[in-house]
């Protein structure tokens, strides 16, 4: 078995290079899908090493594209590699890899946003949440267009312990735009601190493990790329429903340059906004003049706990959406204006 962090000596037979695969199947990155190919196998090997010891592991790779990271994963002597690829143009090249690694590579033509990975591997791989992470890993060079919605989806899965996390505290090693990677790992007070920082860090140990320069990709993106590793926490730092935490955090950061009371006020209908915002901040013991980036996970924990109690007192409160209230107000204003015009005519 390979030592931790080392690629196994088990290697694929000689194959065309990734660049040759791209030429052979006339592949081009699609701008609409935010595709960028990583051709340097030294870098794909490094991503796989940073994922941990994959010898005899079960790996789910998202967005394999022409198969650069796929090769590095197979060379790590995994028990099984499942790849889910939306773009049919890449399937023939992946099938070539499957033939070179009999019984190791399973290819699914599908969308990672809807694929049911909880049914992909044997139930025997499941481990209790309190145990060490299971022998299941998620690895991927994510298209920029899906990276944020996908990680939010998986964070909700972690909160509910379903999806890929039905096996236990499944670890993830994923690529993001460098700016997104910095947001995911930003500390309290940092200029990069954002909604993503809080949502990821209250559920996971998150590490920005290294940066890949944009010039390493084909075509070259306008930004560098960060590789981020996630390990779900045994105990979340905020023990409230994911949707409630998400609503509080989103409202706070929608006015990121304002004092935090500005965004928190949008949790409440206008008629009782001032009173309820003051009550929320007082009960949570939060200084209303703190900026969103100055709020720690502990601050958000207190805010979510108090907001939960307020929602329990008023069952309609959680469903309130200030944008919908604003929209209804505009509709009524327009109706009054139309009525006035009709009266004058």
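Here the Cβ of each residue, glycine as well, is placed from N, Cα and C on the backbone.
Nobody curates TrEMBL annotations by hand; they come from automatic prediction.
Since this is a predicted model, take the numbers as computed values, not measurements.
Annotated features in TrEMBL:
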{"type": "BINDING", "residues": "36, 38, 63, 85, 111, 141", "note": "S-adenosyl-L-methionine binding site"}
{"type": "DOMAIN", "residues": "43-234", "note": "domain 'Ribosomal RNA adenine methylase transferase N-terminal'"}
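Residue density at residue 63 (S-adenosyl-L-methionine binding site): 24 other Cβ atoms are found within 10 A of its Cβ, drawing on all protein chains shown. Note on the domain 'Ribosomal RNA adenine methylase transferase N-terminal' (43-234): its mean pLDDT in the predicted model is 94. Around residue 36 (S-adenosyl-L-methionine binding site), a 10 Å sphere centred on its CB holds 21 further CB atoms from the protein chains shown.
Spatially close to residue 38 (S-adenosyl-L-methionine binding site) yet at least six residues away along the chain are 44, 68, 69, 141, 212, 216, 217, judged by Cβ distances under 8 angstroms. Between the candidate binding-site residues, 85, 111, the densest Cβ environment within 10 Å is the one around 85. Other Cβ atoms within 10 Å of the Cβ of residue 141 (S-adenosyl-L-methionine binding site), summed over all protein chains shown, number 27.
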